[in-house]
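Chemist: Below you'll find the structure I mean.
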Amino acid sequence: SSSAPLLFPLVSCDSSLPDETQVTLGCLARDFLPRPVTFSWKFKNSSSISSQNIYNFPEVFTGGKYMATSQVLLPSTAILQSTDDYITCHTKHTTGEKEKKVELQVTPELPPNVSIFVPPRNSFSGNHPRTSQLICQASGFSPRTIVMSWLQRGEPVQPSLVSTSAVEAEPKGSGPTTFRVISRLTITENEWLSQREFTCQALHKGLTFQKNVSSVCMGDDTSTGISVFLLPPTFANIFLTQSAQLTCLVTGLATYDSLDISWSRQNGEALQTHVNISESHPNSTFTAKGHASVCREEWESGEKFTCTVQHSDLPSPLKQSLSRPKDVANDPPSVFVLPPAQEQLKLRESASITCLVKDFSPPDVFVQWQHHGQPVDPKHYVTSNPTPEPQNPGLYFVHSILTVSEKDWSSGESFSCVVGHEALPLSVTEKAVDKTSGKPTLYNVSLVLSDTASTCY
């Protein structure tokens, strides 16, 4: 019995062909009997397409019926006039004639976005001359044909200094397919530091898109990226060591070879400064800290201390000063120690003892747990950050929860919450609790200070 062909359009899976001057379309006829089937093609305006551009393939017998394909290769300018352009596939068969529109998904013309990534100072390496790379990326463009080139001071660079990747399709969302390419230019450290101008050019659809860059663009104060932050001593540091540690934090360093951090007193006298430098961060910058210590009495007197940062990337030294804040409200904390809940003890697993520290100002406070007069490992307790009191935002509270075994608590072991704050008469208070008393007991604070206090000279 006879069977009419079913027609299906064939288009390229790639919305932008390697040779964008040519367009290939096809037509599939399947499930027909008997053979043969004859193909012909017409433009949208019904004029015939020359047989020189048509390639017909032999029928294939499969599943008891035949299928055949026809392909047409045309200059893109012949049909790419608008987004709704198409050509028509015609077939003749003993069962009659059929036709099928074959539409081309027209590749949109999108210009490239050109960006240049400059090398960080510490990226230059190798023997003399030390070299690094400028990286130019053209992205978001379509169609895919693009030509990348570099200029130095307006003149083309040597081709051997340039490496350009293959054009790649970008991850496709709901929009059209776009492309990306990366071009790298090898430069010497001297070329970069001499403030020469480099230009990356992208030639796309007859238009040139470019970006210029030089080290002079990076040389002003706001572009060095170097920032200085002063960290005052914590009460815990002052309480435990009877000295105040001053910290000068420097961020955004491209290199640290020329870095100098120094602390000085109000009268200009230099303080011994210890500098620690971090490992390189993911953005290829470094962080440094400059530490100096002064006596507790000197810090509490309100004396001003100054940190000075010098670096080859800075046009002039950066200076910032730090002193103990004046006219700060001093309110000593109230301390409450709460025994574990009975519901928790019934589980016979662990016991949570809570130390509630309330109504204090300023917010810097020190909380430590002790057992048999010795500090408990901090991994066994957690202390919250100071939080404003809901009914009095000028005052703060924290809570610290110590977790011990149910066995230790039930055996009558005593645990102490030690709280340090500058508004307390002796800077510290201690309250203990155990199963027997079931309520906190105030201890002599001198016992706590005897092992931790030190003398500042």
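Cβ coordinates are placed from backbone N, Cα and C, and glycine is handled just like the others.
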Chemist: Based on the record in Swiss-Prot, give the one of Cys136, Cys295, Cys307 in a disulfide bond with Cys200.
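Modeler: Recorded disulfide partner of Cys200 in Swiss-Prot: Cys136.
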Chemist: Could you identify, going by Swiss-Prot, the member of Cys355, Cys456 that forms a disulphide bond with Cys417?
Modeler: Cys355
Chemist: Of the residues Cys89, Cys217, which one does Swiss-Prot pair with Cys27 through a disulfide?
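Modeler: According to the record, the bonded cysteine is Cys89.
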Chemist: Based on what Swiss-Prot records, which one of Cys295, Cys307, Cys456 is disulphide-bonded to Cys248?
Modeler: Cys307
Chemist: Averaged across the region 'CH3' (221-326), what pLDDT does the model get? Just tell me the whole number, please.
Modeler: 87
Chemist: Which residue counts does DSSP yield for the region 'CH4' (327-457) in the helix, strand and coil classes, in that order?
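Modeler: Its residues fall into 16 helix, 60 strand, 55 coil.
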Chemist: Run through the region 'CH3' (221-326) and tell me, per DSSP, how many residues are helix, strand and coil.
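Modeler: Helix (H, G, I), strand (E, B), coil: 15 helix, 48 strand, 43 coil.
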Chemist: Cα of Cys89 (disulfide bond) to Cα of Asn276 (N-linked glycosylation site): how many Å, rounded?
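Modeler: Computed Cα spacing between Cys89 (disulfide bond) and Asn276 (N-linked glycosylation site) is 76 Å.
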Chemist: Hey, what's the Cβ neighbour count for Asn45 (N-linked glycosylation site) at 10 Å?
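Modeler: Around Asn45 (N-linked glycosylation site), other Cβ atoms within 10 Å: 5.
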